[in-house]
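Student: Would you mind keeping the following structure in view while I ask a few things?
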Amino acid sequence: MTAYKRVLLKLSGESLMGAQQYGIDPNRLADYASDIKEACAMGVQIGIVIGGGNIFRGVSGAAKGFDRVKGDQMGMLATVINSLALSSALEGVGVKTKVLTAVRMEPIGEFYNKWHAIELLEQGYVTIFSCGTGNPFFTTDTGSSLRGIEIEADAMLKGTRVDGIYTADPEKDPSATKFDRITYDEIYARGLKVMDLTATAMCMENNLPIVVFDMDTPGNLLKVLRGEKIGTYVSNTSA
């Protein structure tokens, strides 16, 4: 029994580095593929967005002198590399995948549209959405919110390197405590940085819940999908 029928899984590019300082750790990729395969076996339809921060981040590039638009486009290409890597890892363990791109680049990936994406999900494909929104000045978190809303996901699962949302940065403040559940209004009131404001506002306005959890611990994705109390659940209601 699963808590969700269809989810949008957001993975950070940095998490793909594993213990490395750059690029893609094959062991981390294999762990992700194993968990996602088990999730598919549970009957959950899974759409995925991966960041590109392990390869290139547009904002950082702009700070170093790159034109911001070109920097963001480089970041979009980084998400394509990560998407292809995850697609390859999943197909290697017998999971059907499709990479859809927000910018035309056939045959690397198929051009995204909502109806085709939903059709693929219903056919059992893990559908990986790359290039963010396809526009500069938008983060991959915003791309995740957009895709989650478009594919009519039950929730967005934000897989990170931390195990939820805290009152403060737990790495800097040892007294920080974790929320098991929090509303979007409280996130704004407390000034918590879960995602950028655009991404958070989109989820709030379209009533898309978020579960923030530690994806780097094998098995956690399956626990979230079973409805176990891990991570932090974010929604418009407190109960």
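From the backbone N, Cα and C atoms, a Cβ is placed for every residue, glycine too.
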Student: Of Asp31, Asp35, Asp72, which does Swiss-Prot put in the UMP site with Gly52, Thr133, Gly134, Asn135, Pro136, Phe137, Phe138, Thr139, Thr140?
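Tutor: Of the residues offered, the record points to Asp72.
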Student: Given that Swiss-Prot lists Lys10, Leu11, Ser12, Gly13, Gly53, Arg57, Tyr166, Asp169 as binding ATP, which residue among Thr2, Thr160 does it place in the same site?
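Tutor: According to Swiss-Prot, the candidate sharing the ATP site with Lys10, Leu11, Ser12, Gly13, Gly53, Arg57, Tyr166, Asp169 is Thr160.
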Student: Nearest by CA distance to Ser12 (ATP binding site): which of the binding-site residues is it, out of Gly52, Thr133, Asn135, Phe137, Thr139?
Tutor: Gly52
Student: Please report how many Å separate the Cα atom of Phe137 (UMP binding site) from that of Gly53 (ATP binding site), as a whole number.
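Tutor: Cα-Cα distance, Phe137 (UMP binding site) to Gly53 (ATP binding site): 15 Å.
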Student: Out of Lys10, Thr160, Asp169, the binding-site residues in the record, which is closest to Thr139 (UMP binding site) when you go by Cα distance?
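Tutor: Closest recorded candidate to Thr139 (UMP binding site) by Cα: Lys10.
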